[in-house]
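Peer 1: Mind having a look at this structure? Questions to follow.
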Amino acid sequence: MPTNPNSCEVCSSSSNSSCNHFGARTCKACAAFFRRTVSMKLDYQCIDQPDACRVHCDSRVICRFCRLKKCHDIGMKPLLVKSKNERKNYIRISKGLIRKRSVLGDNVKENSEEIQNDDDPQESDAEMENESTPGPSSEPSENVSAENQETVTKFLKLEASMCDRRRLLYAETPISIVLESGKEWPYENAPLKMFDYKLSQGMSKHDFVMIMDYARGMPGFDEMNYADSVFCYRLVCAVDFVINSAYYTYKRGIEHNELVLSDGTFIPMVPTPLTGYEENANLLFQSQDDLMKFRTLMPLILHQWETCVPFAQLAPSHEEFCLLKAICVWHVSYYRLSEDGRRIAIAQRNRLIRALHHVCHLDSDDVGERFGNVMMALNYIMVNIRHVVSSFVMISFFGIINVDKSMISLTSFWNKSDTSTAPSL
């Protein structure tokens, strides 16, 4: 138990507005974790690590199994997590919501029920269905809620598969450990390697294979024609490069000032790395080719850091990250697809947006603010995607780096068209 009476009884945090949630004094983060776990009926396995299992806000990683156990131990009650049926026990008066509660006994309750039954049933149902915080879509039925949960689960599995492959390929994690339990990012508790521009060859064939599996697993991808599916796949590669690096950097801890790339390498960002354009920078390199390669890669990396900083401040949950990544793919690709492809893209994007709103509803007390902040992240992510695409084209076209042939094929279509992305939201 925490020594500070105002701190969270789960993680001992005293800086996150601790107050009573679900029957115990907890911070907002632990309350959101408990609400999401109960609402989505999630099960966890203990990772059996002393620092993580002690469940403390100072720990870099917190075991979710032990965190949930501690929530139960301090008296947090799953029954207090409001289900959809319980939310319907609120009625709208003017612009606010009040609880339908009888303080005089069953007679008043029965009278109120009779009055409600006299109302138009369609208006009553509509009122209850729209009582939730305004968003892209209120949840009008249990079917919509089930669809949202199915969408979340689908993309969690897709990202988990990619995470496992990167752990095997780049972190050299034994397969027995990979199969033991899933991770939210591939390099958790794994040593990172310093980035070496001399050894960098861009994305490898292994990367293209795992991204292909991810793309094919996206609902709607197999419904597109050949040209649309090729463009969508190429865009997934760019989105994965940008947003996964931002998420891995956030999970590593932005306070370390290290940019983590998808291949498990990192670049210290303090002091700010050189770009190769400084005065007399050529004296630091053995050859002109090394200087050109450095000048090509480092501005790309510095631009990526500009995405990582606000993304870490957003502090997305794993579910928000997975859904935002897919939303970005469909939103950007929409403007370059055929008419049939656009219909698929808009349907899938809207489905993902509804699922994201559902996740924000489970995680945050202020759903509208949280949902808006997550969606606004698309702006700076898409700006970086445009920069990455331009850099990939230049690298492949001029042969500055000895990249894989798949990389040349990946960027060939951008050589013939404008590299600008979709307008921001």
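Here the Cβ of each residue, glycine as well, is placed from N, Cα and C on the backbone.
As listed in Swiss-Prot for this protein:
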| type | residues | note |
| --- | --- | --- |
| DNA_BIND | 5-83 | DNA-binding region |
| ZN_FING | 11-30 | zinc finger |
| ZN_FING | 46-71 | zinc finger |
| REGION | 108-148 | region 'Disordered' |
| COMPBIAS | 113-130 | compositional bias 'Acidic residues' |
| COMPBIAS | 131-142 | compositional bias 'Low complexity' |
| DOMAIN | 147-414 | domain 'NR LBD' |
Peer 1: Give the residue counts of the zinc finger (46-71) per reduced DSSP state, in the order helix, strand, coil.
Peer 2: 12 helix, 0 strand, 14 coil
Peer 1: Mind checking which residues reach the zinc finger (11-30)? Cβ under 8 Å, same chain, six or more beyond either end.
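Peer 2: Contacts with the zinc finger (11-30): 2, 4, 55-57, 62, 67, 71, 74-78, 80-81, 365.
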Peer 1: Report, as numbers and ranges, every residue of the chain located at least six residues beyond the zinc finger (46-71) whose Cβ falls under 8 Å of a Cβ in that stretch; write 'none' if there are none.
Peer 2: 8, 10-13, 16, 24, 26-27, 30, 33-34, 37, 181, 188-189, 253
Peer 1: Grab the pLDDT values for the zinc finger (46-71) and give me their mean, rounded.
Peer 2: 85
Peer 1: Provide the three-state DSSP residue tally for the zinc finger (11-30): helix first, then strand, then coil.
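Peer 2: In the zinc finger (11-30), the DSSP-based counts are 3 helix, 6 strand, 11 coil.
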Peer 1: Using DSSP, break the DNA-binding region (5-83) down into helix, strand and coil residues and give each count.
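Peer 2: In the DNA-binding region (5-83), the DSSP-based counts are 30 helix, 6 strand, 43 coil.
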